[in-house]
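Novice: The following block contains the structure, expressed as structure tokens.
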């Protein structure tokens, strides 16, 4: 079915940060990237406004090049910057949402997936094994520290640019239901660790709030307990004689202090 430019602009205006116009045009990788970054952190969504006519024409098959053979796509500084930025973003999200997973495993994997996602936008892609290998190697050199997300993202982006290629043509596109299902699973895998970490933090805040009334009550009763303690020390209020003189048990330190107060 032919794509309409007016519909694409309407979806861009209504749900552009969620990539609705990219789903309409069959650009699922671009749509997933926009879902996970809220429209390329806002700037990418605005940048799409000028590219929609060309994307609609490409979706309708107008001006599509033939077989590219073994040609390599041109180097794009904008794509390279996006790979580095999204790779760092995915790595920081992994460090925040997966603290129980070893950093040397979670961070380079997240960085590599972020770089690969940017590499798959449009009609280009890259070799995922090379990207992941570069990210893991850079992370091992920095022993999986949080600051390793920058060199890991740089190494993975360089590997992606070195192994970039065009996507094969003629591949049948899945149905819309299957595409939405895959996009939903990817978003769930990204958001679940953050949601779990947020719920744990909210539970800690809730327990602190529930403990505030008890702490306030203890604070209000503090003068009464202080007066009672002072009276016992001065001998105006004593304990049980059986507890003081005991039945063969060793007297406690509190009983000894009371006895000294009585002697004084």
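Glycine too: its Cβ is placed from the backbone N, Cα and C atoms.
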Novice: From the ranges 221-242, 243-264, pick the one that TrEMBL records as region 'Disordered'.
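Specialist: TrEMBL lists region 'Disordered' for residues 243-264.
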Novice: If TrEMBL is the reference, give me the range from 31-50, 51-70 marked as transmembrane segment.
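Specialist: Feature transmembrane segment in TrEMBL: residues 31-50.
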Novice: Other than its close neighbours in sequence, what residues sit by the transmembrane segment (86-111), given a CB gap under 8 Å and a spacing of at least six beyond its ends?
Specialist: 33, 37, 117-118, 132, 135-136, 138-140, 143-146, 148-150, 152-153, 156-157, 190, 193-194, 196-197
